[in-house]
Amino acid sequence: METNILPVNSGKLGKIILQRSDDELFGEWSIEYQEGKNLESLRRAANELVSTDTPVAFPTETVYGLGADATRSSAVRAIFAAKGRPADNPLIVHVWSIAQLRELLEGKNATRRESDPIPEIYKPLIRRFWPGPLTIILPVPKESVLAPEVTAGLSTFGARMPRSILALALINLAGVPLAAPSANASTRPSPTAAEHVKDDLEGRIHTIIDGGPCEVGVESTVVDGLSYPPSILRPGGVTVEQLRQCPGWENVVVGYKDAHEKGIKPRAPGMKYRHYSPKATVILYETGAKAPSLNSVFDQTSRRRSIGIIRTKMWPRALGLPVQEAEGVSIRHTNGDIQTPSTPRVVVEGFILEKGLSQSVDVWDINLGAETEAVARGLFSALRELDNRGVDIIHVEGIDDKVGDDIAAAVMNRLRKAAEVRV
């Protein structure tokens, strides 16, 4: 199967107009499309989604997603096949409008409704955070239009409305809700650029829509308001403090830290299986842990020839090791004419660490910076870049996730799942 990349500049698709009213979650969405090659490419991808079973990769504000028609079992099964994803790992459904969400909640035999099928507990969140990086857990109706593979046998499903104009337009043009996990091979780091998708899924899908790099860099926050107290099942782009400012969510609790240890059936993606892992061994240093010393690096590289370093706030360049500078490479992910201030920029510096007279170790150093948002945007790119450099081991400087910042919590959640060793 040939895999093609379709560049699409979301700034040239047209504009989406949203009208809000006091008594409704949203008014009506409308899109004024701008004819041209960008819209033509997006229409081509939308047609592939409804006329074939092959999933399409597309960018959202969080990470790249691998989308398929959420109402057709054959299409949804193709997502699991392309990713190598376990069948008991549920998928998130992406919608383009509140009307589309209501149709999912009403089911096949919907009659004229007397009440809103959207649970009241979620309305403050929808008003504040949608469209955006927040997934809500909803009840599956008796006669659901969703393919059963989406829910993995659960009585609930996750839904969100992405903030990306490109993603919203794609769902609108397809005319169906899209089941869309991250567009990576299962267990690999999530993709934040089109080339990441190609690295993992080339030959498994036909189309990758390249809309440039992702703005947030980690997946959506997943919340469950159907239980009491409401809980966060996965940290992401919306923080616990932001949630607690919403009526009904003042007492929201964290429900993801020990779910894996209990061995329970996952209620949301990312709760059970190892995720976000590069090919190299990842050693995570929790905040406050000392950086690896020269002796420890030599011990860990006794049979290895190349190491990677991902720094954030405190570690010195190349860990302060006695290295010789080899090269510096600045890598900016872009699809040509799409360039924004939030474009992830990964700067990789190469060094040589002499180990005795007959052996040297290549050291690849990446500094993501001290800002949590910058770490989130660059993390998956950094892991993939070091993998591409062929490193054997990656030392990662963790960040403080105990200060009420769920972006930091999301970063550390992903790193703990990726790490084989924690210090």
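One is the number of the first residue shown, and numbering goes on along the chain from there.
Every residue gets a Cβ built from N, Cα and C, even glycine.
All annotation found in TrEMBL is predicted automatically rather than curated by experts.
Take the L-threonine site that TrEMBL assigns to HIS94, ARG160, ALA180, SER182, SER220: the candidate from THR52, THR54, THR62 listed for it is THR62.
Apart from the site residues THR62, HIS94, ARG160, ALA180, SER182, SER220, the chain places the Cβ of THR60, VAL63, GLY65, ILE92, PRO133, THR135, PRO162, PRO181, GLU219 no farther than 8 Å from the centroid of the site's Cβ atoms, the recorded L-threonine location.
Regional average pLDDT for the domain 'YrdC-like' (39-238) in the model is 95.
In this record, ATP is bound by ARG85, ASN89, THR156, SER190, ARG234, TYR276; the longest C-alpha to C-alpha distance in that set is 25 Å. Each of the binding-site residues THR62, ASN89, THR156, SER182, SER220 was scored by other CB atoms within 10 A of its CB, and the lowest score goes to THR156.
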